[in-house]
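**Student:** First the structure, then my questions, so here it is.
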Amino acid sequence: RIMRPDDANVVGNVHGGTILKMIEEAGAIISTRHCNSQAGEPCVAALARVERTDFLSPVCIGEVANVSAEITYTSRHSVEVQVNVMSENILTGAKKVTNKATLWYVPLSLKNVNKVLEVPPIQYARKEQEDEGRKRYEEQKLDRLETKQRNGDMILPVINPEPHTVGYSQSSLIHLVGPSDCTLLGFVHGGVTMKLMDEVAGIVAARHCKTNIVTASVDAINFHEKIKKGCVITISGRMTFTSNKSMEIEVFVDADPFVDEPRERYRAVSAFFTYVSLSKEGKPLPVPQLLTETEDEKRRFEEGKGRYLQTKAKRQAQMQQAARQ
């Protein structure tokens, strides 16, 4: 579809959350189609996880975004979907790949939202494809478990914070989940949640550096529990790490079952977003150093630094491998 002004920020770059929402819609369509391809109980595919995705190039107002999806692996109860996004300038015909993402879905019964159904298997061109897919499945399963175990943290307000501190830029958004946010089963679309998360993370980044910012990448997004229609969700974001040219923001989504639910507030989704600061001409700008004050902030900074160095090393290794080929 064509990118419109309400998809973009003040300088015309399309929000990362808009692209993430489109990616999730494509993944939901293809995985739901596949899970209903054989006779059996009708179901809807629900997003469980998005692997790290890099925003390779910004998309601008007036360009056409073409989103394509392919199922690359199935386990007994989950589907792996690979999604590519290509932007096209319809005036010049120039095309470029902007995103590559991997998403995991589980099929939920239309009759019982808590019942996970079996997934029809796919045919692999080579045995190696199935083995590689199984390896990815086991890795993401382990990472999801580790992430859920460290999800008890909360973001609390800070009184009169100093500029460039964690408290100065942290932000929250409260949203009542309505019917337009939800699937046929009455729980929130993963893409809607990711769009709101990107919005909050973008506000944190903009508050910190006071410039135009764009989404550079998103680490794995884990959907721990479903969010039902009628819940009040709180999306909270805080700065965890800064390098010379990038910012890492941690984002939580907490759900309060507001209507007809005795359940207490719970952590539904968590992720790390990375942003870069840009000039009016779209050139990278230096990022102000994050000032850490508490021991927890210093610990999170060092953890973020570790993720940053690990990603940087992986990218350099990929570049070297590409140069040799």
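Cβ coordinates are placed from backbone N, Cα and C, and glycine is handled just like the others.
I grabbed these lines from TrEMBL:
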{"type": "DOMAIN", "residues": "1-111", "note": "domain 'HotDog ACOT-type'"}
{"type": "ACT_SITE", "residues": "Asn9", "note": "active site"}
{"type": "DOMAIN", "residues": "167-281", "note": "domain 'HotDog ACOT-type'"}
{"type": "ACT_SITE", "residues": "Asp198", "note": "active site"}
{"type": "REGION", "residues": "294-325", "note": "region 'Disordered'"}
{"type": "COMPBIAS", "residues": "296-306", "note": "compositional bias 'Basic and acidic residues'"}
{"type": "COMPBIAS", "residues": "316-325", "note": "compositional bias 'Low complexity'"}
**Student:** Going by DSSP assignments with H, G and I as helix and E and B as strand, what are the residue counts for the domain 'HotDog ACOT-type' (167-281)?
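**Tutor:** Here the numbers are 26 helix, 54 strand, 35 coil.
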**Student:** For Asn9 (active site) and Asp198 (active site), determine the Cα separation and express it in whole Å.
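**Tutor:** It is 12 Å, counting Cα to Cα.
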**Student:** Sort out the residues at least 6 away from either end of the compositional bias 'Basic and acidic residues' (296-306), same chain, that have Cβ-Cβ distances under 8 Å to it, and list them.
**Tutor:** 166, 240-241, 243, 248, 250, 272, 290
**Student:** Taking 10 A as the limit, how many CB atoms besides its own sit near the CB of Asp198 (active site)?
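**Tutor:** 26, counting other Cβ atoms within 10 Å of Asp198 (active site).
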**Student:** Across the domain 'HotDog ACOT-type' (167-281), what does the mean pLDDT come to, as a whole number?
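**Tutor:** Looking only at the domain 'HotDog ACOT-type' (167-281), pLDDT averages out to 93.
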**Student:** What number of additional C-beta atoms lies within 10 angstroms of the C-beta atom of Asn9 (active site)?
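**Tutor:** Result for Asn9 (active site): 17 other Cβ atoms within 10 Å.
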